[in-house]
Amino acid sequence: MDSSPISSSASLSAPRFRCFDPTNSYTTTTPNHNPIPRHRNNYKGTLANSVNCEPKIVSGEAGYVLEDVPHFTDYIPDLPTYPNPLQDNPAYSVVKQYFVNVDDTVAQRIVVAKDSPRGTHFRRAGPRQKVYFESEDVHACIVTCGGLCPGLNTVIREIVCGLYHMYGVHKVLGIEGGYRGFYARNTIPLTPKVVNDIHKRGGTILGSSRGGHDTSKIVDSIQDRGINQVYIIGGDGTQKGASVIFEEIRRRGLKVVVAGIPKTIDNDIPVIDKSFGFDTAVEEAQRAINAAHVESESIENGIGFVKLMGRYSGFIAMHATLASRDVDCCLIPESPFYLEGPGGLFEFIEKRLKEHGHMVIVMAEGAGQELLSESIHANDQQDASGNKLLNDVGLWISQRIKDHFKKRKMAINLKYIDPTYMIRAVPSNASDNVYSTLLAHSAVHGAMAGYTGFTVGPVNGRHAYIPFRRVIETQNKVVITDRMWARLLCSTNQPSFLDHKDVIGDENEVVPQIQSINGENHLEARATKHREPKDVTEDTIEEEPPILLVNGNSHLEAIRANQK
């Protein structure tokens, strides 16, 4: 297999790829890849002691940068390759091009100016002409970790069926109960017959859990069972664990693939376009919003209050609000708000009730946590995955609304709806079923081609292999200065919870800019100096609006000052 990462038309620098083990006390595989002695490290209960690895970067002309993923050949020399079985697969006989070109990459940023550098790229996902496993030698396993999400069973099914039907792999195990299932020795043999109709069910047939990550025990179990392909389905915490497992496997010199399939119902994983289960969650949230609308409309001064998922990112609440068009106010973690005083939530509720006689409020579970923390003792506890345990701000704000209008002697009827676990537990819809299939197949193709230490997902509509570090270094969040949030404000006609008289633009200050970085939907505060008008193009002004400054303060600082 030609390992050239991009086409010969680009002038490349040598890839930088180096791993450093502080202990330097391990042995590698023998040339015929016999099992090696285990080396136990104190990884139990922590991910802090992982091997330090520099990114695998390839640079080309015109500012081209490839953030490549690891490959077996990076640390195991002289591996044999085999023809891809797909070339003899009748199902692929109609395909004009069986295999992805070895130099195909996917651009992270597709909207660029004429003179912009080409920017960051990722290796394109798909089948390769040569594979690094013979079908009968593959022993794969699948594990699901973290919370439930629509589409989990579909991903499991399509990994099994993809391995079986495309590559002739018949040995696939399901690891029960998340990461701890590796060393508890709980497994389920998976075949196409076993997984045939599981996509019609919610949840995961393998079970799931949070925590339980003991790197040495997990890798020992993988080595003892003779597993050489590990498919790990989970969110950012799970992908962090997968990254550490991969680094320990590489440190031991094992020919074992670690492939991640990103799962988060909140859609908060960066780089990729969206996560599976998100479309289903938005669709199911409509049922709760419709019920809230019916309840509020059927009684005088009715308020339907719906709490949706969104610990740090408000994508479900935002998209469900836009899809519904019955919502009067949407509250998300990225857009701070306050309750009392001019321009506050209470004032807006009273105004909307007087105008229409009813209203619907949609709130993400992470919104307004700072308000609740100021009123009651802050909750500093964490779950087994390391996520901060949130207080039920929906119930708290619902009660505050009731108390406020009781003081004002204005009768209201508030109905509080929390469909969180109903949404998580449903089977995936048609869109997510197709998407989950593509994710599973892309992961299988990458594993058979010898790539490892990657997560898979669509980047600007094209599936790609992304290094673990890129999907765990930050979170995808709603950009409240973006057009999508502006569309929501136009739909709901809710205030920004700022007094417009206080919103100023100081031309003499260094103004942070909002930029859609490489196609990611996240906020990067990039301070740019004030430029002359001739240097500012129309596109720049349109695409990078300044963050609003309130009396010289940031958006969040202004709201907190207004509360005080």
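Positions of Cβ are set from backbone N, Cα and C atoms, glycine also.
Annotated in TrEMBL:
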BINDING   Asp236  Mg(2+) binding site
SITE      Gly237  site 'Important for substrate specificity'
ACT_SITE  Asp266  active site, proton acceptor
COMPBIAS  521-537  compositional bias 'Basic and acidic residues'
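Asp236 (Mg(2+) binding site): 25 other CB atoms within 10 A of its CB, across all protein chains. Across the structure, Asp236 (Mg(2+) binding site) and Asp266 (active site, proton acceptor) place their CA atoms 11 angstrom apart. You'll find the Cα of Gly237 (site 'Important for substrate specificity') roughly 13 Å from the Cα of Asp266 (active site, proton acceptor).
Long-range Cβ proximity for Asp266 (active site, proton acceptor), meaning a same-chain Cβ under 8 A and a gap of 6 or more residues, is found for Ser275, Phe278, Met309, Gly310, Arg311, Tyr312, Ser313, Phe315, Ile316. Neighbours of Gly237 (site 'Important for substrate specificity'), defined as other CB atoms within 10 A of its CB across all chains, total 21.
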